[in-house]
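Enquirer: Have a look at this one before I ask anything.
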Amino acid sequence: MCPIVPCCILLKHNLYLYKVDSFCKRRINFTMNISLDEQRNWTAGEVGWSLGYVSDEVSLIFQAINFAVVCQAMDIFGTVTNIINIVVFWKQGFKDSVNVSLFALAVSDVGMLGTLIWHNLCFNPLFHNLDLPFDSVEMQYLTGGWPHVVFTRITSWITAFITLERCLCIALPLKIKSLLTAKRVKVIMVSIFLILIASVTPVYCVNSYGWKYFPSRNKTLIGLVYTPDRESVEKVSFTFNNIIIPFSAFLTIVCCTLVLVAKLRSKAKWRRKSTSAGQTDQMTSRDQKVTKMVVMISTLFIVCFTPICVVFIGMTAEPDLSINGKYHNMFFVVFSFGYILESTNSAMNIFIYYKMSSRYRQVFREVFLRQSPSKNSQNFSNTF
């Protein structure tokens, strides 16, 4: 039976119960996208509040389909493809700074997709209503929700670093290549992981798990317990992790991508004009290939993350587009699609690597297709 069918049946026959229970729990869902101020007014009495443009029933159906089926399938696929990327880049070695960055990006993407798999499972109505010793919606808050935020931000900043490094390589090729060695890039990648993981530690200081009574389910389950200063701490964490970090990374990627595209176009025009004059281009064939691949990676990122950024701007312009606003159902529907786009960004990189990198193709075929190494495989260090 199609997994959508039982979900829809469950939603239809248990809609009121699910509204009272799950909608109340949503004050802890999407904390990565909203502040605690917006979450605190969710109560069972607010279920019948104005629905805006999207009804409760439509919102729940979209969430069931997008979270439990579409996004989950994309997350599983993306996890597999990024594990493949990790293996391939590991086999290639880390003497090349580009490999170091792409390896770190694949590791971050695995973390982002893996935590989202758990998040989606916790919000699956079938899983949520099982006889579990914990409340799945509250359990995912610290084990799926915030970890997903961390890895999403890490992915954003590694992508920003890759595009910025390419811009600097084009502007100052000799200086940057000697400055950003593979060893130093390793330090930068580790630093990005550590700094962004540390940025959410305050959330874990004010939230923990313990036994608590859930009136809507008439059960005592493991759920979230908080410290008195949780609201003020999470307000700061929200501002830092959902405004400053993501928008600064996004703007860096957009600006650097525009510069790279403009530079590639100017180089193409210059080569056409200088061919007859016998002049040579300082940008090597390898650098051109790497730059084109980086442009593809950053363009995919921009396409997939622009809708989420637009929603954040919309939330600022229209306060009712929030978890407890008039358009709360639209908010959940939009973010269910946003998660699909996030997953798409992380899952599709393997096709860019395979298409644009001869080294990646060769190692991929040797490892996963058991093809014999080509005669030129020993020259991989000089090709891309």
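Note: Cβ is positioned from N, Cα and C throughout, glycine not excepted.
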Enquirer: From the ranges 2-21, 102-121, pick the one that TrEMBL records as transmembrane segment.
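Expert: When 2-21, 102-121 are checked in TrEMBL, transmembrane segment belongs to 102-121.
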Enquirer: Near the transmembrane segment (185-204), which residues from the same chain, at least 6 beyond its ends, have a CB less than 8 A from one of its CBs?
Expert: 94, 97, 100-101, 104, 108, 142, 146, 149-150, 153-154, 157-158, 161, 165, 233-234, 236-237, 240-241, 245
Enquirer: Against which stretches of its own chain does the transmembrane segment (60-90) lie, if we need a Cβ under 8 Å and a gap of at least six residues from its ends?
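Expert: Residues packing against the transmembrane segment (60-90) from afar: 3-4, 7-8, 11, 15, 18, 99, 102-103, 106-107, 109-110, 113-114, 116-117, 119-121, 123-126, 332-333, 336-337, 339-340, 343-344, 346-350, 353, 360, 363-364, 367-368.
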